[in-house]
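Read through the structure below, which is laid out as structure tokens, and then see the notes.
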Amino acid sequence: MDQPPSSVKLLGSWADSHTHRVQLALKLKGLEFEYQEEDFINPSPALLLHNPVYKKVPALLHGGRSIVESVVILQYIDETWTDNPIMPADPFERAVIRFWCHFTDDKLAPAVGLVFSSSGEGQKAAVDQVHENLKLLERELKDGAFKGRRFFGGDKIGLLDIVLGCGSYWLAVFEEVMEVKLIDPESFPVFHAWLRDFEEQQEVKETIPAIDRLLEYARGIRQMMLSLSNGSSINNAAATSG
């Protein structure tokens, strides 16, 4: 018997893709929940209490107990409220989904982050790495484990769609802010079509912030990074001058 959704609370941040993962999963499950916005720089006492190891969002509170790390939270949600499943029943398929979720967080996301935080040759190398990772996903959608599916989860959004899709909108944001090309519809036609379809789902539209707000946020972070970098250069020059 499913656990009642009473006393479900999410500690998160509006611009955090991992928070969006949990929000989307809860909406797909049709669950009501309380939301508490957190500050990255000054986390609340509640967040420090419920995630003392990493001290970061998201943290899901259910029945007085806390669950942290977004993929762990997603699996907890699916196992606790079994209606509208986001994971397949077959153990092998579940293992495949878990693998590609790990790939997303271990390979693709860091490469995208490097595009944003680097410049020059370093940025070019990061863009190349993003493309190599997208080639692998394109191959899986076209000829691999997910061939012929509308979504990675089948006819409906599943766990991997949530994990991958709730970060992929940053690709478009970084393309504009950094003036690079990350998703070429000609190079990645199946992945591009999947992403457009994912973004058109009503629950996704209700979860992902407006692109203008994300662009403003990304530009502010980029400017701060450049200022810190320039300041370090000046300090280094001063330290080495006699």
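Just so you know, glycine gets a Cβ as well, placed from its N, Cα and C.
Per TrEMBL, these features apply:
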DOMAIN    6-85  domain 'GST N-terminal'
DOMAIN    90-221  domain 'GST C-terminal'
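Residues in the domain 'GST N-terminal' (6-85) partition by DSSP class (helix H, G, I; strand E, B; coil) as 29 helix, 17 strand, 34 coil. Across the domain 'GST C-terminal' (90-221), DSSP assigns 98 helix, 2 strand, 32 coil.
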